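Chemist: Annotation comment: TrEMBL describes Glu294 as active site, proton donor. The active site feature in TrEMBL is assigned to His323, Lys437.
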Amino acid sequence: MSEDMVRLDYSYCTAEAVGQNGFSDADLDRIGKDAALMLDSVLPEAKQGKPGFMALPFMTDDELDPVLKEAGRLKDLADTLVVLGIGGSALGATAVDMALAGSLRNSFARPHGCMRLFVADNPDPRSFGMLLHNLDLNRTVFNVVSKSGSTAETMAQFMVVMEMLKNKMGWDKAAQRVVFTTDPEKGNLRLIAQKEGDFRCLEVPPDVGGRFSVLSPVGLLPLAAAGHNIKVLLSGARAMYERCLNPDFSSNPAALLAGLTVEYMHSARNILVMMPYATDLFGLAQWFAQLWAESLGKASDLDGKEVHAGQTPVAAVGATDQHSQLQLYIEGPQDKLVLFATLDDMGGDIPIPGLFQDIDSISYLGGASMGALIKSEAKATQAALAQQKRPSLNLRLPRLDAHCLGQVLFLLEAATLMAGKLLRINPLDQPGVELGKVLTYGLMGRKGFEQEAKRMAEIDFGGKRLV
Ligand SMILES: O=P(O)(O)OC[C@H]1O[C@](O)(CO)[C@@H](O)[C@@H]1O
């Protein structure tokens, strides 16, 4: 196995490590048999690039060219890019940018040729207002990302931004500072681009759902503008694609991850905590939370039988959350599986100076390093969980670079699809989020949603009993 490979360590899911809450060899054989059936249905389609996210790692230079050209054009115009999008149209760019440029990336100047990247994913007037107030519009461009082109939050942000830009520089110049990433044919952004003419557009492939779109222009444009090597990101995803198409369950990391987590779901481990031991991977945990929650949380199975499937994802970060959530994970209800992510090479280390040698309780730190400390904490936490018979998995990344991250993104997407197949639900739709959306339309007075407005008047209990 190449040294560049991301590995899945499932040692802490075995009976040897966590007793009755782990799997024996016989259990693993059984899980493998179910997974083999699942792979029989997934692999032929995956080889055809289906569902659409499976084909993204294989984008050709011709397909990437418009993305790279647009990133270059934006960089010529400005030094700051603001993405307006929400959910799958926002979380992927944040996850990768945070991982590669660091959590503090917007607090300091970026290297030459790398745009500052803000992802404004919430129509919260306080935070969005503060961002707008502090932007120099002459040095800022905007990427409006919405596959549907109808998401209220994103369209509202776009309208606010467009009005500001128009007032400052006139419509034509304003439009040059805005690029849309949207469906190739449908939706309001496409309509506006066709009508108004001046807006550049990149395409979200119609068969790629929002939460699976990080490796499409949705994520690639902002990431290229921020200076990340999107070709290397895709090469990592390609390397993982090959491994996820392995029909042998025990060598296929996505099938293993899906098979083990689904087995734990069947034994009432209803919560999946993703806890990377790297501050800069917190965005990845938040991206994964949408992927896992929206894909697997379903009322009915493929036969229409009510199942209420799913596993609640929690985004945590080590070592920080050892001092906040870990007590619950170690001693609370036996309803959790923890998915750690660790870095073999932390990407730099800081030696701890040998001060205070006369204080025994801290003198051991002197001469060690921060890297050694956080790595020991990750190991110790997994072992401590296991002592209390709490299972966990660990995604081991050789280092935090574009190639490894491409592997991780693809692995988690493939595992999510496979988990959905094992659960016999549709992991690619999200019918449950519709009701809240249409009721909001009713409240906001959207034409055609008068019934929803009425319905809201009947079911809105908020504020009826206040203390
Ligand atoms: O890209 P769009 O169409 O604006 O959708 C944004 C997000 O909204 C959802 O449809 C859920 O409301 C997600 O699946 C999606 O990622």
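Cβ atoms are placed via backbone N, Cα and C, with glycine included.
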Chemist: What is the number of other Cβ atoms found within 10 Å of the Cβ of Lys437 (active site)?
Modeler: 14
Chemist: By a simple count, how many Cβ atoms lie within 10 Å of the Cβ of His323 (active site), its own Cβ left out?
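Modeler: Neighbour count, Cβ to Cβ under the 10 Å cut-off: 9.
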Chemist: Measuring Cα to Cα, tell me the gap between Lys437 (active site) and Glu294 (active site, proton donor) in whole angstrom.
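Modeler: About 15 Å separates the two Cα atoms.
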Chemist: Round to a whole number and give the Cα-to-Cα distance in Å for the pair His323 (active site) and Glu294 (active site, proton donor).
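Modeler: Taking the Cα atoms only, His323 (active site) lies 29 Å from Glu294 (active site, proton donor).
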